[in-house]
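Visitor: One structure is given below, represented as structure tokens, and several questions about it will come after.
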Amino acid sequence: MATSVVLVVAILTATSTVEASGDVSSGARSTRVRRQTGELRQEIPAQFNQIYQGSVFNGTEDIYRYSYMQNESSPRAIRVEVKSQGASEDYPLLFVVRQQRGILSWQVPLMIRGIYGYDKVSRTLCPMDHLQTGVKDERETVYLEVSAASPAALNYRVNATILTDFSLSTGQSRNFLVSPSQPQYYAYKMPPDLDMVVVKVSSPSNLCAVFSLQPIKCPVYDLDRNIEFVGIYQTFMKKAAITVQKSYFPNGEFYVVVVVKATDSDCTGEMETIQPANPSDEAFEMRRVKEVTVVVGPSITDSQYVTAVFVGILVFVLFYVVTFMVLFIQWIRQRNAELEGLAPRPEEQGYAGIATNAEAPINAQRTEPNYGATGWDRVKMPSVLDSAFTDGLSLNHITILGKKLSKNTSPSTEKEANISTNKPTTDPYSMGEQPIETKPGIPPTDQPNGPPMPTNPPPPRPAQSKSYPKPPMVHTLSDSSMEDDIDMLDDADEDKDIYRTKTFLYVADLARKDHRHLSQKYNLYSWNLLTISVFYALPVIQLVITYQKMLNTTGNEDICYYNFFCAQPAGDLTAFNNVYSNIGYIMLGVLILILVYRRDYTHQKKVDAGDRYAIDYGIPKHFGLFYAIGIALVMEGVMSGCYHVCPNYSNFQFDTSFMYIIGGLGMLKLYQTRHPDINANAYAAYASLAIVIFVAVIGVVFGTPYFWAIFTVVYVLAILALTAQVYYMGRWRLDMGIFHRMYLLIRTDCLQCSKPMYWDRFVLLLVGNIINWSLALFGAVGQPDDFASFMLAIFIINFLLYFVFYIVMKLRSGERILWVTVGLIIITLICWTLALSFFFKGVTTWEKTPAQSRLDNKACVLMGFYDDHDIWHFMSAISMFCSFLVLLMLDDDLDYTPRDKIPVF
């Protein structure tokens, strides 16, 4: 009975085989394989480039034997193509290839992800020529076994060809077709004169594919399910590139493997509707066929690499050289002036500049009473009292040593306070109507924009007794009654109201606190930032090193968003150029610290020498915020370098955190310039910036419409609160009576007044509110994907707005801008324009998938080493350096101007 069944099956098999011959194209050589009656296993001597058709069923097996001569000098590979339309997922055809050193197997239909079945499969066998070095002209035999477990005969077709063009050459492109069931790979060996090459793939199709570089060994992983097992790989759509060093692979040899994904979800990030394949539908397989071009080109040489690195650092070394040359020349001029006994005239120091209406400054047109006090008026209070009496103020509003002086103040109290209300002070440092004593090397002054050189100096003053009445010191470092203690008193609040709510304010009105205490307060900015930087940077460095090790271990280059068309490796770093280009931030940040220290040291020497122009004139010198800005610029370089070790969605905030801090500190410094007494303290400033960074992270991770709604409301409320804080110089309260006061404000200032009480501040805040409300509306409606950049844009726009307002008000007030500063402003604008032009070119974007990000990848544009983003690093570092120099030198024209003649805006 069993014999009869076998005979019936054999007859059916023979009949099926004959029918299958009709499927073969008339242009191809084909051979029909016939099974002898009762024969279950047969071996067929096969030839390359010939199609064999046969059928198998349960218990039967066809074995094809191929032989060829190995050739080490010209490696070749065998490619096997099989097809069967009768096989199914339940009863597939099984194909096994036996070679000398390995076995390769697959089934038809080939199931991709357990859903997509392909009835046509092409595989390249692992070539032995690369593995048997030193063995020449040896015959290799390959066996292809075909079997099935189906009770019915399954027809198949098989063809094997020899790939004579299996090896890739440097600089030559190779075109081929790939699909999920028909992957392709080729071999490449670096020539002896190359140590690094760039392997690029491109395609006109948007189909998602995987591009892999694997070592020369068997098996070669070329299917979607296993291509990630070994080597280096990337997903791509239209283009991709991998830079390879010879040390990555033994002898610089590797396979270039390409396979198409079954769906595009890995490249687009969007889930697709799964549609099982119909084995009889050939159009289904054609929809996933992708045309690919591979080219292996040389990278830059070692000498070019070293030259690019050296030039990058040389650019910023030149900044040091030029800066120290200027400082040396300035030191020589000052030394010569000291030897001659005369200080250089202000116009000789570069004090000639530009001004509007310089002959009639704005403060000369104001006739309002002056409540101001100079630097020494903070210490010697008689001038403050005289001004109070002259302007009709009550003594009840004058506070000295934390006590109110009333009309019935006892003589003992007055004596104790060393205050005389019926005679002018004889203190040579008083800013009353006393004649000014000239000192060697210090020019006298009686006008705001610089001391004149009188042709007829006044006669010398008669000798005065050196026993001046000791002025009452309001604040000393050893006092227990420091600034915070006095500010807590009610009468101190009344005193603030007198000075800060005047229609016209001068710097003297907002520079009444002890200078030493304020310096300590602002020095906290730099020390706190150092502490923050250390605790922030250490885990960041550890994290990005872990990312880089993970990439090197797994070979998954989708982890990091590099510009792979210009990624210059060094050691374990995949894109050393993107990390190294941040050196400009570090070097120029250190240079800013040096320049600030020099100014701080010079100013302190003048103060210690009793130079009244350093003590009482010009903008109060507080350098704590400048130190913090220099440290922030250095840390921006460090953190940006850490981010570019492995840029991705998870660590984007490393690159932007200190940009927020730099923008915030810049605005605070500009505001502190003429508001030294009422600027925010370091704790509040950094807490606010921490909240901003936290919101930026939430916006990127959870950028839902609900988040945007909440953010917009909070943003608008913050704008209103800041507007009130700036408009009233901090003299407002947020309590239950705020709405009533707002009603009175609108009724009096807006409805019944022809113009606001504080016109300059009103214009600034009006423009600022319009811009910020527009930004809030844009965010709520547009909801941009890159929320971190949106937040950074808010900081930059507001800083530029305040800076432009400051420049306009400075010129409107009749003040000058030194020609050196004007030149720096022009250079800064040019540098920022160039920097932003490179920034907006964009070579990567972590908001998209890695494959989509590679669509923006571009080749190197400078010395074959730096890309557009590297140039952005260079130019933005120079731009920020020039910007901070402008901040540092912007008010140098006021160094010889009394503070009670410098307007506040």
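FYI, residue positions are counted from 1 along the chain as it appears here.
Cβ coordinates are placed from backbone N, Cα and C, and glycine is handled just like the others.
Since this is a predicted model, take the numbers as computed values, not measurements.
Here's the feature list from TrEMBL:
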- 407-428: compositional bias 'Polar residues' (COMPBIAS)
- 441-462: compositional bias 'Pro residues' (COMPBIAS)
- 406-483: region 'Disordered' (REGION)
- 1-20: signal peptide (SIGNAL)
- 305-329: transmembrane segment (TRANSMEM)
- 522-545: transmembrane segment (TRANSMEM)
- 579-597: transmembrane segment (TRANSMEM)
- 625-646: transmembrane segment (TRANSMEM)
- 652-671: transmembrane segment (TRANSMEM)
- 683-702: transmembrane segment (TRANSMEM)
- 708-728: transmembrane segment (TRANSMEM)
- 762-781: transmembrane segment (TRANSMEM)
- 787-808: transmembrane segment (TRANSMEM)
- 817-840: transmembrane segment (TRANSMEM)
- 871-890: transmembrane segment (TRANSMEM)
Visitor: For the transmembrane segment (522-545), find every same-chain residue at least 6 residues outside the stretch whose CB is under 8 Å from a CB in it, and list them.
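Guide: Beyond its ends, the transmembrane segment (522-545) has Cβ neighbours at 622-625, 627-628, 631-632, 635, 638-639, 642-643, 645-646, 651, 654, 657, 661, 665, 672, 679, 681-683, 685-686.
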Visitor: In the same chain, which residue numbers or ranges, 6 or more beyond the ends of the transmembrane segment (579-597), come under 8 angstroms Cβ to Cβ?
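Guide: The answer is 309, 312-313, 315-317, 319-320, 323, 573, 623, 626-627, 629-638, 640-641, 644-645, 866, 869-871, 873-874, 877-878, 880-881, 884-885, 888.
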Visitor: Return the stretch with the most CB pairs under 8 A relative to the transmembrane segment (787-808), choosing among 305-329, 625-646, 652-671, 708-728, 762-781.
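Guide: The stretch with the most contacts is 652-671.
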Visitor: With a cut-off of 8 Å between Cβ atoms, can you find at least three pairs linking the transmembrane segment (305-329) to the transmembrane segment (652-671)? Only pairs 6 or more residues apart in sequence count.
Guide: no
Visitor: Give the nonlocal contacts of the transmembrane segment (625-646) in its own chain as ranges (CB under 8 Å, at least six residues past its ends).
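Guide: Counting only partners 6 or more residues beyond its ends, the transmembrane segment (625-646) has Cβ contacts under 8 Å with 522-523, 525-526, 529-530, 533, 536-537, 540-541, 544-545, 547-548, 551, 559-560, 573-575, 578-580, 582-586, 588-590, 592-593, 596-597, 652, 654-655, 657-659, 661-662, 665-666, 668-669, 672, 873, 877, 880-881, 884, 887-888.
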